[in-house]
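Q: This structure is in structure tokens; I'll ask about it shortly.
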Amino acid sequence: MDEKIETRLIGATVQSNEPDLERSIRPKRLSDYIGQAAVREQMDIFIRAATNRREALDHVLIFGPPGLGKTTLAHIIAHEMQAGLKQTSGPVLEKAGDLAALLTNLEPHDVLFIDEIHRLNPAIEEVLYPALEDFQLDIIIGEGPSARSIKLDLPPFTLVGATTRAGLLTSPLRDRFGIVQRLEFYRIPDLIHIVKRAAHILNVVIDENGAGEIARRSRGTPRIANRLLRRVRDFAEVRANGMINESIAKEALDLLNVDIRGLDVMDRKLLETIIKKFQGGPVGIESLAAAISEERGTIEDVIEPYLIQEGFILRTPRGRIATELTYQHFKLPLPTQSTLQENFDLLGKVE
């Protein structure tokens, strides 16, 4: 992926310098896990029940957009179960032996966390199925006619799989998870709580309005909120007395080109191109990519999802259309009623 995409300030994917920082502010207990009330309540019940029965927790699938706390929840599950945690990711497991090495080193009730589980090699999945269902590992010894299969018993364990692309999971793998949790984007009050908690851990002085200003521009994502907090902290220490209030947060985020709706330069460039160069659309993805000098995949996977979710653009069979919200955001007059009606007649054909 393009370096400028990876280091995008309001990008939800983890950046190279962030794992240690995220660990330092990651909650360890469900009681400290902010937001996702339904998920938190359900997991509390499931964990308590499994603990009372002295059983391993059912296998858990966690899915949702990046930056919402899937890894954090996996760590909390292990901590609440008073179990060990082994962590890996789908692309890392290249051979069946890689998975076998992990499984045979698990202790009873341990948690095996596989991030990006949708990227598992199909051959790895085949090895995983009996391990999940029967806590057994089938290993092939030897090659050719002399090859034979032996079964190894595994201790009862919990697989926690995390993915941003649940639709890419194969049905056999998806069906083996007894617990499936979807993480939603966070509400502003929850993000304010998250910002204030992180500020306390980082010894940053921040008031309610300062936390609110950061939360409103965080695109519903805790990882982005924590990243913006660190950048606003830098600004406050250099340009102010180190304390973050609403005006300091606003000035810092404006300087960083993150506007009140969490849009950055790339978002605004795409939206303004649709409005000014293509009269609000519809415009095909290839034409749009050429107009803003970005790859099609970058637009579809990185820029568009948040804009579609927030209602700034619509995808139709004839192309992308800027909505009324986009015109309002840029304080631009709406197109003529006939043009607007023609565009919005496509609403019934949204992809």
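Cβ from N, Cα, C; glycine included.
Annotation comment: Swiss-Prot describes I25, R26, G67, K70, T71, T72, E133, D134, F135, R176, Y186, R223 as ATP binding site, evidence class sequence analysis. Annotated Mg(2+) binding site per Swiss-Prot: T71, in sequence order, evidence recorded as sequence analysis. What Swiss-Prot lists as DNA binding site is R296, R315, R320. Taken from Swiss-Prot, the feature region 'Large ATPase domain (RuvB-L)' covers 1-186. Per Swiss-Prot, the feature region 'Small ATPAse domain (RuvB-S)' maps to 187-257; the stated evidence is sequence analysis. Annotation comment: Swiss-Prot describes 260-351 as region 'Head domain (RuvB-H)'.
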Q: Reduce the DSSP letter at R320 (DNA binding site) to three states and note it down.
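A: DSSP assigns R320 (DNA binding site) to strand.
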Q: I want to check the contact list for R296 (DNA binding site): same chain, sequence separation of six or more, C-beta distance under 8 angstroms. What comes out?
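A: In sequence order, I285, E286, A289 meet the Cβ cut-off.
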Q: Consider each pair of residues in R296, R315, R320, all listed by the record as binding DNA, and report the largest Cα separation in Å as a whole number.
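A: Output for DNA binders R296, R315, R320: max Cα distance 14 Å.
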Q: Taking 10 A as the limit, how many CB atoms besides its own sit near the CB of E133 (ATP binding site)?
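A: Summing over all protein chains shown, E133 (ATP binding site) has 10 other Cβ atoms within 10 Å.
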Q: Please state how far apart, in Å and to a whole number, the two most distant Cα atoms are among I25, R26, G67, K70, T71, T72, E133, D134, F135, R176, Y186, R223, the recorded ATP-binding residues.
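A: Pairwise Cα check on I25, R26, G67, K70, T71, T72, E133, D134, F135, R176, Y186, R223 gives a maximum of 37 Å.
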Q: Using Cβ atoms only, which residues of the same chain lie under 8 Å from R320 (DNA binding site) while being at least 6 residues apart in sequence?
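A: Spatial neighbours, sequence-distant, of R320 (DNA binding site): I274, G281, P282, V283, G284, I285, L288, E304, I313, L314.
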Q: Tally of helix, strand and coil residues over the region 'Small ATPAse domain (RuvB-S)' (187-257) according to DSSP?
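A: Counting residues by DSSP class gives 51 helix, 2 strand, 18 coil.
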Q: I'd like the Cβ neighbour count for F135 (ATP binding site), meaning other Cβ atoms within 10 Å of its Cβ, all protein chains included.
A: 17
Q: Under 8 Å Cβ-Cβ from I25 (ATP binding site), six or more apart in the same chain: what's there?
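A: Once residues fewer than 6 apart are set aside, I25 (ATP binding site) is near R197, A198, I201, L202, N226.
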Q: Count the other Cβ atoms sitting within 10 Å of the Cβ of G67 (ATP binding site), across every protein chain shown.
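A: Excluding its own Cβ, G67 (ATP binding site) sees 27 Cβ atoms within 10 Å.
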Q: Could you say whether, by DSSP, R296 (DNA binding site) belongs to a helix, a strand or a coil region?
A: helix
Q: Which value does the mean pLDDT take for the region 'Small ATPAse domain (RuvB-S)' (187-257) in this predicted structure?
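A: Per the prediction, mean pLDDT sits at 94 for the region 'Small ATPAse domain (RuvB-S)' (187-257).
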Q: Based on DSSP, tally up the residues of the region 'Head domain (RuvB-H)' (260-351) by helix, strand and coil.
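A: Per DSSP, the residues of the region 'Head domain (RuvB-H)' (260-351) fall into 54 helix, 9 strand, 29 coil.
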